[in-house]
Amino acid sequence: MSSGLVLKLARAAAKESILTWAAVNRLPWLSAISNSRFFASYPAHVVLNMPSLSPTMTQGNITKWRKQPGEPVSPGQILAEVETDKATIEWEAQEEGFMAKHLVPEGTADIEVGTPVAILAEEADGVASLASFSPGASSPSATVSTAPQPSAAAPSPLPQPTSRPKAQLPQHQVLNMPALSPTMNSGSIVEWKKKVGDSVVPGDVYCEVETDKATISWESQEEGFIACILLPDGSKDVEVGTAALVLVDDKEAVSAFANFKSTDATPAEALAAGPAPTQAAVEVPANVGSVQPPASTEPPVAVSVVAPGSRLRASPYARKLAAEMGATLTGISGTGPEGRIVAADVQGAPRGPSMPAAETPAVKTAAAPASAAPAAPKGGLAPTFVDLPHNQIRRVVARRLLESKQTVPHYYLTMECRVDEMLKLRERINALNSAGQKSGIGGAAPIPKLSVNDFIIKAAAKALKEVPGVNASWFPDFIRQYNNVDISVAVQTPTGLQVPIVKNADLKSLGAISAEIRALAAKAKEGKLLPEDYVGGTFTVSNLGMYGIKQFAAIINPPQAAIMAVGATMPVVALVNGVAKEVPTVLVTLSCDHRVVDGAMGAEWLAAFKAQIENPLLSLF
């Protein structure tokens, strides 16, 4: 047995007791142990570990804490700024509570992923009690054990004849579903490109994964052979971190994994495939006692039902979750300390007609749910409805737009712009394109074919440079104003709304903008957008004019501060040099985040846009 395998097995055994209580994947990019909830001699609290904020991050530097001890924390708020191997990224909270203590100060460098860095109290009155907290001190009197000890009263587990003990399996690596975009929490496996027994080298594609934005290829970073595929083609809503396949170094070892199951791919085994710690021994927090193996598949859990007239005890996040699900807490049994109701109790409670099912991490197979079939009415009549399952893009768009309307204070400004000069210029340029004329030095470059949207994006980009306050985002402690103008363009695709980005639009010509929009729109409709194509816009343009919509108001795309909705070109009668004349106009509506853009600033921006679109020659310079 190689020394590397011995080290992996030792490390897996030491971590097995931790993984029985660790809360896994609380953050989108987290690949190992993340936040851990403790209930011991200290008040109810959550240990926040250094997250993995990019696919290649193994350690990071905390450059600034944005939440100080005693301050309330809500999901989506920024806890700290973390310098990774790629960039400085904001660490967003996934829990509700109160910042109790920083375990590492600002400026701390090279913090390994999974290292405890902060403590979050569930109640404000618990902050003071956690001031003396240190890692490994959640329960000062607890006995630490780095490996599970069998109970004397528990029967020995029966041997499993169909699978080999893990210690006898050849050296292997369990690969988990990766986060292929910054916002990806789960994905669907469209098609495996490799089968069992195939060799792989870095750059080979394992499979196509449908994420919340597009269908992306999962590329190999390792050399080896596919020993086992744990998720079939068409697996739906596979959470990031779920075991997906097994890789071995030698082809002869493939046959040993014929009966390998997803249940054999323990989190400890997955951790062994990650960056190796400096020591084989693993430090276990002191509040984790000796873990007893259960005598049955479902260990008994002590629950407490709220008695009529007694005080209802529930965590803030459990109350929020119940409100979102339309559930009442009075009939839910609490499994937290002193019968406290926690989020898991709300998610696992029986659901009536008014309480929808919460999302669970279970992997759905390709088979369509029964509700997706048309309803069969009585008497042989035609079906009355069809339930269409959500795809990843639809889910994410629905969640983000709902959050925007609920948390961003929208207001709307509408302005009428004449576009007769712009339409004339466009007609002349497109006529040159149709005639096959060339431009540039030596007449080598073709004249571009332009759309109305190209002029609108260019005019919006120049207006953002004139009024930079609109090219900004709201943060709890400051307003971030961007120097670059990256315009997101709303594109409707068969799978849902996409917003690819024209970067540095103010610096690009109309022809360059036109070519880039066409290429991005084609990629969006084919589901082939990459994260760099849609992450990081500073302003959005949504144009429904081609559908004849006269005017509409769009929902802001967070964290941006504004979005412009463009209607159809409509003729109106206006005085031109003292003569009544019909001229084409367009109504544009600016939706603004009032925290960032005051009314006067929004009006100033619309005036700047109007000047650009009504004098289109300015767009050529």
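Glycine is treated like the rest: Cβ placed from N, Cα and C.
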Worksheet item: Do you know which of 219-244, 349-374, 375-400 TrEMBL annotates as region 'Disordered'?
Response: 349-374
Fill in: Among ranges 53-91, 131-169, whichever one TrEMBL labels region 'Disordered'
131-169
Practice prompt. Let me know the model's mean pLDDT on the domain 'Lipoyl-binding' (172-249).
Written response: 87
Practice prompt. Determine how many residues of the domain 'Lipoyl-binding' (172-249) DSSP places in helix, in strand and in coil.
Written response: 0 helix, 40 strand, 38 coil
Fill in: DSSP-assigned states of the domain 'Lipoyl-binding' (45-121) in counts, ordered helix, strand, coil
0 helix, 39 strand, 38 coil
